[in-house]
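Trainee: Pasting in a structure now, in structure tokens, and then I'll have a few things to ask.
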Amino acid sequence: AVSQEPFWADLQPRVAFVERGGSLWLNCSTNCPRPERGGLETSLRRNGTQRGLRWLARQLVDIREPETQPVCFFRCARRTLQARGLIRTFQRPDRVELMPLPPWQPVGENFTLSCRVPGAGPRASLTLTLLRGAQELIRRSFAGEPPRARGAVLTATVLARREDHGANFSCRAELDLRPHGLGLFENSSAPRELRTFSLSPDPPRLAAPRLLEVGSERPVSCTLDGLFPASEARVYLALGDQNLSPDVTLEGDAFVATATATASAEQEGARQLVCNVTLGGENRETRENVTIYSFPAPLLTLSEPSVSEGQMVTVTCSAGAQALVTLEGVPAAVPGQPAQLQLNATENDDRRSFFCDATLDVDGETLIKNRSAELRVLYAPRLDDSDCPRSWTWPEGPEQTLRCEARGNPEPSVHCARSDGGAVLALGLLGPVTRALSGTYRCKAANDQGEAVKDVTLTVEYAPALDSVGCPERITWLEGTEASLSCVAHGVPPPDVICVRSGELGAVIEGLLRVAREHAGTYRCEATNPRGSAAKNVAVTVEYGPRFEEPSCPSNWTWVEGSGRLFSCEVDGKPQPSVKCVGSGGATEGVLLPLAPPDPSPRAPRIPRVLAPGIYVCNATNRHGSVAKTVVVSAESPPEMDESTCPSHQTWLEGAEASALACAARGRPSPGVRCSREGIPWPEQQRVSREDAGTYHCVATNAHGTDSRTVTVGVEYRPVVAELAASPPGGVRPGGNFTLTCRAEAWPPAQISWRAPPGALNIGLSSNNSTL
């Protein structure tokens, strides 16, 4: 519209949102070149104005109206130019109020949540939300409300639940001005806590005695189920006007209140026991009647509480005026009278208890009280077999309490000691039982009324024991003698001993044996009695004199030089015999033959380089005798070749008769020698040729080994002139030089000499090896 008119008026901002109580500058302008006058019409308060030729600006303050429409006008060319604006105010939700909740809300009933946000607006931009904790219960937007509407109220009906107890309810307000170029303004109310409860319609249950005696204490309890929350319940428990201050125990939705009721003489008679339970402003109550009564115990007296045997004793039982007493089953004639009896005290009356009963009827119930008293009768000691047996048998080891008790009053002292003044039994004390306690004891019981004496025998039984004295671990028998395997065991009762050879079922060794080597071995001896058993292994060794066996000590032995072997002569015998072999006659007279030890050891005899063959006598000795044996020793050696028997360099002459290599070997028996060249044996031929020269390998062999040697053979032959020539071949002038060549074949190399022919004495010969 402004663009279609030649002149116009404009108002900026045309539409504005201002927070309630805020201020705003409005700019009013025109394109009229010379406006006559102009202004800004509004009901709002103004704070200042600025003007120009075609404009004016005015500040509006304390803007509170929900909506106003200011008008900008100018008078131009007899026309009035106008521009209308729109100013709306908004108010933040500064106050968000959740109405108070009831102090207690019954579970299962509805309650009202009401939220009020006064003045906030515009209401069309407002949203209210009711919350349980962080959970949204209801949310309402007021979109579509008039622009001038302000403030809002949101109400909801909620069903109270158990889980709502202690829950916080609140209200949240949101003013959303983002579509108008402003922000989102939020605020929440202070949370309000809801307390829910549930109270059973049934009254509490009381557990209490119907009768309560003066001076006594009795427990009472009050129980109620169906409480929520049980911890919030309050209990009042009283007997008459006495508050009992109960202890309350919670068990889920139930509670148990317990207290101790104490009756006093001032309360005697009928009283009421009250239990009152309060929760959520409601209460439940139960009352029970309790009768408080007084009933003292009867009085029982003895004329003498302690008398000597044979004295008279009077027993009296009495009680209150309303009680009927009964003494030893005999009632008094009427209530309120005492009952009596008399007796002549005997030993059987010692520690006799007398009983007095008193009965009283209270509120239709018969009450009984009794009292007892004990009579002590003094008499001399008695040692009965039941309390102090004449013969005791106990196993050794476990701790026992040794008892020899005597009857008597006062309590007798008992002392048991051996008749010879030896050991004393520690009666009444827990201690170990040892075999040293065995024996006969004299027991004396004494008190100030007299004494009693009795002899008792104590036998301590114990399991068998096999010691080294009665049953040694090792036994040595001599072959051919008589012996028996006897093991003596200690024990009570005396044990039976059986010895069985290990590994042989049922082979029990009994009586005398003719000792043979097969009796050597390990025997298991077991001793048994009712208290147990003991077992022991006994090693039996059978010894015997020396004896030579041909395989272990041969009569003929060959010593091989350099073999490192010694003569082995093992002798059977126990203990192991010592063996010595000495030469007998000839070169071996008195010579000691080195023997190989039974087991290799670092102290073995040194191996000799030379051993004299001959006859030796070997003697074996142990403590059970000695035996001799003759041994013939012979000496042999392996092959041996050296420069003297097989020279490493040999020379043959060509054309001579063929002969074997001069190669022999020492050794016993005499070794055989075989020579070959490149694995080919020495050929049989008539004459020596030059081809026989070369290297030969000779091996000497006998029963004890081999030896080898390498031999180089050279073949010598006589000189032969192979060439004689002169040069130049066509002749030479007198006075000139010529060359003569002479070549010879021979081994060793030939020596060449020159000789001029007859008639050539003037020829000068100058020899250079074989060339002149």
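Placement of Cβ uses the backbone N, Cα and C atoms for every residue, glycine included.
According to TrEMBL, the protein has these features:
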{"type": "DOMAIN", "residues": "381-459", "note": "domain 'Ig-like'"}
{"type": "DOMAIN", "residues": "464-541", "note": "domain 'Ig-like'"}
{"type": "DOMAIN", "residues": "639-712", "note": "domain 'Ig-like'"}
{"type": "DOMAIN", "residues": "719-772", "note": "domain 'Ig-like'"}
Trainee: Count the residues of the domain 'Ig-like' (381-459) that DSSP assigns to helix (H, G, I), to strand (E, B) and to coil, and report the three numbers in that order.
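Mentor: Split by secondary structure, the domain 'Ig-like' (381-459) comes out as 3 helix, 42 strand, 34 coil.
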Trainee: By DSSP, how many residues in the domain 'Ig-like' (639-712) are helix, how many strand, and how many coil?
Mentor: 3 helix, 37 strand, 34 coil
Trainee: Roughly where does the domain 'Ig-like' (719-772) sit in mean pLDDT, to the nearest integer?
Mentor: 74
